[in-house]
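Per Swiss-Prot, these features apply:
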type     : residues                               : note
ACT_SITE : Cys456                                 : active site, cysteine persulfide intermediate
BINDING  : Leu183, Ile184, Lys265, Gly287, Gln296 : ATP binding site
DISULFID : Cys344-Cys456                          : disulfide bond
DOMAIN   : 61-165                                 : domain 'THUMP'
DOMAIN   : 404-482                                : domain 'Rhodanese'
Amino acid sequence: MKFIIKLFPEITIKSQSVRLRFIKILTGNIRNVLKHYDETLAVVRHWDHIEVRAKDESQRSAIRDALTRIPGIHHILEVEDHAYTDVHNIFEQALALYREQLEGKTFCVRVKRRGKHEFSSQDVERYVGGGLNQHIETARVNLTAPQVTVHLEIEQDRLLLIKGRYEGIGGFPIGTQEDVLSLISGGFDSGVSSYMLMRRGCRVHYCFFNLGGAAHEIGVKQVAHYLWNRFGSSHRVRFIAIDFDPVVGEILEKVDDGQMGVVLKRMMVRAASKIAERYGVQALVTGEALGQVSSQTLTNLRLIDNASDTLILRPLISHDKEHIIKQARELGTEDFAKTMPEYCGVISKSPTVKAVKAKIEAEESHFDFAILERVVSEARNIDIRQIAEQTKQEVVEIETVASFAPTDVLLDIRSPDEQDDKPLELDQIEIKSLPFYKLGTQFGDLDQSKTYLLYCERGVMSRLQALYLREQGFSNVKVYRP
C-alpha cells in the first residue's frame, strides 16, 4: 500500500532551509507514530510531499487513521502506484479502478503531472474523461459540480491512481516549535487548548494540580493520555502531578473570601513556572477564556500573569463556551469533561471580578510560601507512556483475567471507531459496548449483580477505568487481557 502525504500550506511558503527542517521533522514524526503498526514501513521525504509505503494490508485503515491525526499534514492520498505505457493505457487503468464508482454519477477528471512528457495534464484529462464517458453509459461529465472527481497523478514514468483523499488536521509538525507546559484540569477548556498548541507544532507537557484525590488524578491522566496518544504520540512528554490540597487549605485559612480565586490561580502559575524552569519549558498554556468566570476578567488575568515572568499562552481567550464544547466533541474529550468535577470554583463564595494588586499582595503576605515550595519539590513526574505501567502498580487489587465465567459480561470500552474496525467475536460470553468516556456516567445503570471484564486494545484505558470505577465504589470490575 502507498500513501502520499501533502504538506500543510504554511510549511510550503517557508524559506528553503526552514521548509526542509519542517519536512525532516514531520518525516520523523510519521515514522515514530507508524512504527507500531508495521516494522517494515518506509517513509520517504520529497520537496513537496512525503511517501509512506507499507506491506501489511491488515493495517491499512489503522495507518490511514493515524496519519489524519499527525500535525503538519494537510491531506493524505491513498494511491495505487503503476507503470504506464501511454495515455490510452492511463485511461484503461482508470477505467478498471473507477468504473463502479462512476456508474450513475456525474464526474470530472483532474490530473497533476511532474516530469517531462509528450502530453500535457489537460491532454490526459480530456482523453481519460472522454473515454470514461464513452465506456460507462450511465456516467455523465460535469466539470463544475461533479459528484465524483477522478484524481490522477503522473510522476515521470509512474501513474498514481488515487483511491481516496483524507483530510489531515493541518498545523505545524510537533517539534518545530518549543515545548510548552499545559495546566490541565480535565475539563473542556484545558483539553482543547492543549490540542491547539500541539497542532501549532509544540510538544505539550502536562501539569496537573490535584484538588480532588486519586479519582480526580486518574480522570485527568485519562484525558492527557488520550490527547497524547491521539495527536502527539510522536514525542515523549511529561505528566507532572502536584498535590495542591495543602495550598488550598492555606488559602482557605489565611486569604479573604473574595480574593481566593485569583490567589489560587497565582499560586498555580508560580508552581507551574517553577516546574517549567526545571525542565526548560518556555511557556505555560491555560484554557482561560475572557469573561468566562470571575478570575478571567482582564484585570484578574493581568494580576495572574504578574505572579510569574513565564509566558502564559491562552489560545481560547476569545472563544465562547459553545465553540469550545464543540471542539472538545470533535476531539473526543467532551465526555471526559462532562464527568470531571470543577474544583477551582468551589472555594470562593463571592469572588472579585476586579482584584486590586495591593489587596492581593496583602492577602498573599499571610500565606506560608514554604508550603508552595514543598508541594512543588514533591511533584511527581512520569513519562506519559508509563501511565499504563504505573496503573498496573496502582491497581494491584484489580484482577486481570484471560478467561471468563459464563455469568461474566465482557465490556468493550474502545471507541466506536475502534470497535467497528476490529469487532469482538467471542463465544460463551455476553459482550456489551460502552466506550470508555461514558463509563463514568453510565456504568451505574448496568446490572450490578454481574461482574464486568473491561477490554481495550492495549490494556491501558481498561486499567485506568478499572481504578476509576473502584474509586467510585464499584467492586465488580476486572481487566480482560486475552
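Heads up, the Cβ atoms here are built off N, Cα and C, so glycines get one too.
Positions of Swiss-Prot features highlighted on the structure.
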residue : record                                        : CB count, 10 Å
Leu183  : ATP binding site                              : 23
Ile184  : ATP binding site                              : 27
Lys265  : ATP binding site                              : 22
Gly287  : ATP binding site                              : 25
Gln296  : ATP binding site                              : 21
Cys456  : active site, cysteine persulfide intermediate : 22
Quiz item: What does DSSP give as the helix, strand and coil breakdown of the domain 'THUMP' (61-165)?
Solution: 38 helix, 38 strand, 29 coil
Practice problem: With ATP as the bound species and Leu183, Ile184, Lys265, Gly287, Gln296 as its recorded binding residues, calculate the greatest Cα-Cα distance and give it in Å as a whole number. | Solution: 16
Practice problem: Please report the DSSP secondary structure of Cys456 (active site, cysteine persulfide intermediate), reduced to three states. | Solution: coil
Exercise. Average the pLDDT scores across the domain 'Rhodanese' (404-482) and report the rounded value.
Key: 83
Quiz item: Does DSSP give Leu183 (ATP binding site) helix, strand or coil?
Solution: strand
Exercise. Go ahead and report the DSSP secondary structure tallies for the domain 'Rhodanese' (404-482): helix first, then strand, then coil.
Key: 28 helix, 16 strand, 35 coil
Quiz item: Quick one: Cα separation, Lys265 (ATP binding site) versus the residue listed as 'active site, cysteine persulfide intermediate', in Å?
Solution: 37
Self-check item: Separation of alpha carbons, Leu183 (ATP binding site) and Cys456 (active site, cysteine persulfide intermediate) (Å)
Solution: 28
